[in-house]
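What follows is a structure written as structure tokens; I'll ask about it next.
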Amino acid sequence: MSTGKIIQVIGAVIDVEFSRDNTPKVYDALNVKEANLVLEVQQQIGDGVVRTIAMGSSDGLRRGMVVENTNAPISVPVGHGTLGRIMNVLGEPIDEAGPIQYTETRSIHQAPPAYDELALSTEILETGIKVVDLICPFAKGGKVGLFGGAGVGKTVTMMELINNIAKEHSGYSVFAGVGERTREGNDFYYEMKDSNVLDKVALVYGQMNEPPGNRLRVALSGLTIAEGFRDEKRDVLMFIDNIYRYTLAGTEVSALLGRMPSAVGYQPTLAAEMGALQERITSTKTGSITSVQAVYVPADDLTDPSPATTFSHLDATIVLSRQIAELGIYPAVDPLDSTSRQLDPLVVGHDHYETARAVQKVLQRYKELKDIIAILGMDELSDEDKRTVDRARKIQRFLSQPFHVAEVFTGNPGKFVSLKDTVASFKAIVNGEYDHLPEQAFYMVGSIQEAIEKAKTL
């Protein structure tokens, strides 16, 4: 095992000098035993000097400290021993529940599966959330992005998806907390524990307080564990909250590594880094990885390079809108902005497809009429347009739904609505079967039956 010494420390980026014959390879993990710190090699500068990123805090490091080369990349344990445990980026347990029992470790840097290994699936995963099942259904083995600005409900919507799918789904789940609030990680752990599904979930956390090197790699650590389960012929759910923080960590590190920034100050390697992660989240002939990723949208701008780069990798995009959240409609999903490749008559069936498009058509017409209503009022509209507006407002309210994970805040018990009920209900509203009910009856209910019951009390 070759050793070197630290020659420069600039925040999270540390230069280490080795002898010329023993220069470490890119991505090799280096150990600073004295500071109990792991470094990852990013660049070879020449003359035996390598530039590395610290996986922990670089406080207290000084020049001349001895560094050992492990001659291998960072590796994490895979397999059943990781279930029910909270790990850090290095795969070390941080839940104070003793060491992890494992028989195999894997490097966090893996090549994506070969083309002939890939498998496509069109089997729809039922989420029980009306707006998602109707407008942007997602397939087993698909990739879903939850886009939204600050405070519109990404994490709550994701927690509800985890609650509804992970509990119904008999397979394993991996949750990677990338640069998010430690409190949310804590809440999630106890929620899984209370629902008795903790023994089917592996948790990998690199939260907001961690240095950028850690946040840049923690998504890969979580993904490696998910790949381990997939290669055991299992169907895995992979949850990443938040993919934007992964990009942001890359931006923080990039400038320190001496790269020229590109658009909006992002790293020039943004697309390559995103591709390296996303191409590995895929289903093979042995098993599937279905991923749900929360994507923070800076300043609500979907054209920002980070969310824009993420878009191209996804099968379904669920866009959360601040305008809808302001109306008090939760989940604040924008049914006109959200899309899915699975919304195809050959996949979801003719009835579902026609209903979803009819709902979007009514909402789009309402959006166009809003300006006229604001200037001239409802009275100036034709009878047909008045009917459209009336139905659109009912649809808008019926797209709201009480969540299981939000019961403690709202006092409303959560509702799981089957796909069959969802399609039938919206079809009936669009066809005018419930024109006689007041629009308040449709707000924050599960099935249409509940709306009918609620109307009797109004």
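Each Cβ is built from the backbone N, Cα and C atoms, and glycine gets one as well.
What you are looking at is a predicted structure, and each value in this text was computed from that prediction instead of being measured.
As annotated by Swiss-Prot, ATP binding site applies to Gly148, Gly149, Ala150, Gly151, Val152, Gly153, Lys154, Thr155.
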Using the Cβ center of Gly148, Gly149, Ala150, Gly151, Val152, Gly153, Lys154, Thr155 as the ATP site position, which other residues in that chain lie within 8 Å, going by their Cβ?
Tyr296, Leu320, Ala325, Ala332
Just to be sure I understand the packing, how many Cβ atoms besides its own are within 10 Å of the Cβ of Gly149 (ATP binding site)?
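So the Cβ neighbour count for Gly149 (ATP binding site) comes to 17.
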If you run the three-state DSSP split on Val152 (ATP binding site), which class comes out?
coil
Per 10 Å Cβ neighbour count, which of the binding-site residues Gly148, Gly151, Gly153 ranks highest?
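Its Cβ has the most other Cβ atoms within 10 Å: Gly148.
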Around the Cβ of Lys154 (ATP binding site), how many other Cβ atoms lie within 10 Å? Please give the count over every shown protein chain.
27
So among the binding-site residues Ala150, Val152, who's got the most Cβ atoms within 10 Å?
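Within the set of binding-site residues, the most crowded position is Val152.
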Please list, in sequence order, the residues in the chain of Thr155 (ATP binding site) that are at least six apart in sequence and whose C-beta is under 8 Å away from its C-beta.
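Looking at Cβ-Cβ distances below 8 Å from Thr155 (ATP binding site), excluding near sequence neighbours, one finds Glu180, Glu184, Asp241, Ala294.
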